[in-house]
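Visitor: After the structure tokens below, expect a handful of questions from me.
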Amino acid sequence: MANYFNTLPLREQLAQLAKCRFMDSSEFADGVEALKGKKMVVIGCGAQGLNQGLNLRDSGLDVSYALRPEAIAQKRQSWKNATENGFVVGTYEELIPTADVVLNLTPDKQHTPVVKAVMPLMKEGACLSYSHGFNIVEEGMQIREDLTVIMVAPKCPGSEVRAEYVRGFGVPTLIAVHEDNDPKGEGLALAKAYAVGTGGHKAGVLMSSFIAEVKSDLMGEQTILCGMLQTGSILCFDKMVEEGIDAGYASRLIQYGWETITEALKYGGVTNMLDRLSNPAKIKAFDLSEELKVIMRPLYNKHQDDIISGHFSQTMMEDWANDDKNLLQWRADTAETNFEKTPAGDVEISEQEFFDNGILMVAMVKAGVELAFETMTAAGIIAESAYYESLHETPLIANTIARKKLYEMNATISDTAEYGCYLYNHACVPLLADFMKDIKTDVIGKGLSVEDNGVDNARLIEVNKALRSHPVEAVGAVLRGHMADMKKIV
């Protein structure tokens, strides 16, 4: 199989990257009607598989789970997830032949063997659905011409997909139809009904393409969403301990600080996050972030270039073929970092203290969000897609670090995201070595002293204007307006 994106002429590549439209709520007036009476069979019962299935069933749809015989015989977690929630469970051979819609919600590395196994069993004219387009775009999977291929991708972890649905809301969702596989022209209707079934239409839906979803998703998760948070955690912890700050305090400040800081990001963008700082601290964070952007921009460009060219995917798939040798080694190495091995202390840290003593962390989030957004849009990805894959998902990933540090983050994200995270981290830590030499406890660990409270009015006005005028703030204000009812993470 060849990389699908690389087989397209340049003009088509650019058109697919730029495909993104925020859909009006009126476009979902038919609800789940297009899926009513259809048999939906889910393959994979992990976080996304289970929670999407629960939502679809609660929306009145017919949902069952097809699992491998060994998963059923050994009563693995996927079998437990499905059976304990009252779903019908069967083998591929038992359930796929009668399925109208097959939902492939397995991990990326399993997509090729899974699709090759189920495609011969699928009835003529059925629909195959994904929640991530890697298999189509990067692996170039060829799907039978009579099958409709769609994507419905919630922009949140599976647990949030369910939690928001139960609240009567939903999470922002991206939908797409694979243009090479829409023989009956029903792909869009099916994708819209699916998005309604999971509750996504209540939070906003982007009509996109498989290509735009994959190239933006890979970029976001490698850089700001996972790579920058891991890099920042390691560097900030080591710096604080080096400067004599109690290791338990440093560990707590970082483990729970990302979550608290990015909560402000979720509700009011980068502007609101920096507004939580005093004026002197805001200017300091702004200046640090601008310096970080200069240093890290070439690295962000490299990640985007490697994603666009397919080099990243090729390298990762070579590691798949080598039994994940690099991934597993990098995972083990992360477990041995000082931050990961140091328990959070018992000291209580107030919400505001996370901001006051975490100025550098705020700067890193700002730099990472803006760089990821700028790099994606420069590559032809539309602003709405870039927003969802940068600023929007950052609080959701930060929340996983609060639970069990970097281990939980890397366990929650996909192996694809984890692999890219490590690549970024390995390059970024040495890249920031000289920058970190000049960092002191005034920006990480202790906060600014009273003597640092002077502010130049003209400079403050300049900083505030720069914050509010960044393109990620403009598109974010519009998209967040559709998510006003989402619950607080913290």
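Including glycine, each Cβ sits where the backbone N, Cα and C put it.
Okay, these came from Swiss-Prot:
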type	residues	note
BINDING	C45, G46, A47, Q48, R68, R76, S78, D108, K109, Q110, G158	NADP(+) binding site
BINDING	D217, E389, E393	Mg(2+) 2 binding site
BINDING	S414	substrate binding site
DOMAIN	18-208	domain 'KARI N-terminal Rossmann'
DOMAIN	209-344	domain 'KARI C-terminal knotted 1'
DOMAIN	345-486	domain 'KARI C-terminal knotted 2'
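Set these features in their place in the structure for me.
Guide: The C-beta environment of A47 (NADP(+) binding site), restricted to residues of the same chain at least 6 apart in sequence and closer than 8 Å, consists of P157, G158, S159, T412. In the three-state DSSP scheme, A47 (NADP(+) binding site) falls into the helix class.
Around E393 (Mg(2+) 2 binding site), the same-chain residues six or more apart in sequence whose CB sits under 8 Å from its CB are K155, C156, G220, E221, L225, listed in sequence order.
Annotation for S414 (substrate binding site): spatial neighbours P107, D108, H132, E221, criterion Cβ-Cβ under 8 Å with sequence separation of six or more.
Mean per-residue pLDDT, taken over the domain 'KARI N-terminal Rossmann' (18-208), amounts to 96.
Counted with DSSP, the domain 'KARI C-terminal knotted 2' (345-486) comes out as 106 helix, 0 strand, 36 coil.
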Visitor: Can you tell which of D217, E389 has the most other C-beta atoms within 10 Å, given these are the binding-site residues?
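Guide: Max Cβ neighbours within 10 Å, all protein chains included: E389.
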Visitor: By DSSP assignment, list the helix, strand and coil residue numbers for the domain 'KARI C-terminal knotted 1' (209-344), in that order.
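Guide: So the counts come to 119 helix, 0 strand, 17 coil.
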Visitor: How far is it from D217 (Mg(2+) 2 binding site) to K109 (NADP(+) binding site), counting Cα to Cα, in Å?
Guide: 16
Visitor: Quick one: which residues besides D217, E389, E393 have a Cβ within 8 Å of the Mg(2+) 2 site's Cβ centroid, in sequence order?
Guide: K155, S216, M219, G220, E221, L225, Y388, S390, H392
Visitor: Under 8 Å Cβ to Cβ from C45 (NADP(+) binding site), same chain, six or more residues apart: give me those in sequence order, or none if nothing qualifies.
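Guide: In sequence order, G53, Y65, L67, Q77, S78, W79, N81, A82, L105 meet the Cβ cut-off.
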Visitor: When you measure from the Cβ of K109 (NADP(+) binding site), how many other Cβ atoms are you left with inside 10 Å?
Guide: 22
Visitor: Given a separation of at least six residues and a C-beta threshold under 8 Å, show me what packs close to R68 (NADP(+) binding site) in the same chain.
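Guide: Once residues fewer than 6 apart are set aside, R68 (NADP(+) binding site) is near T91, Y92.
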Visitor: Could you round the CA separation between K109 (NADP(+) binding site) and E389 (Mg(2+) 2 binding site) to a whole angstrom and send it over?
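Guide: Given the Cα positions, K109 (NADP(+) binding site) is 21 Å from E389 (Mg(2+) 2 binding site).
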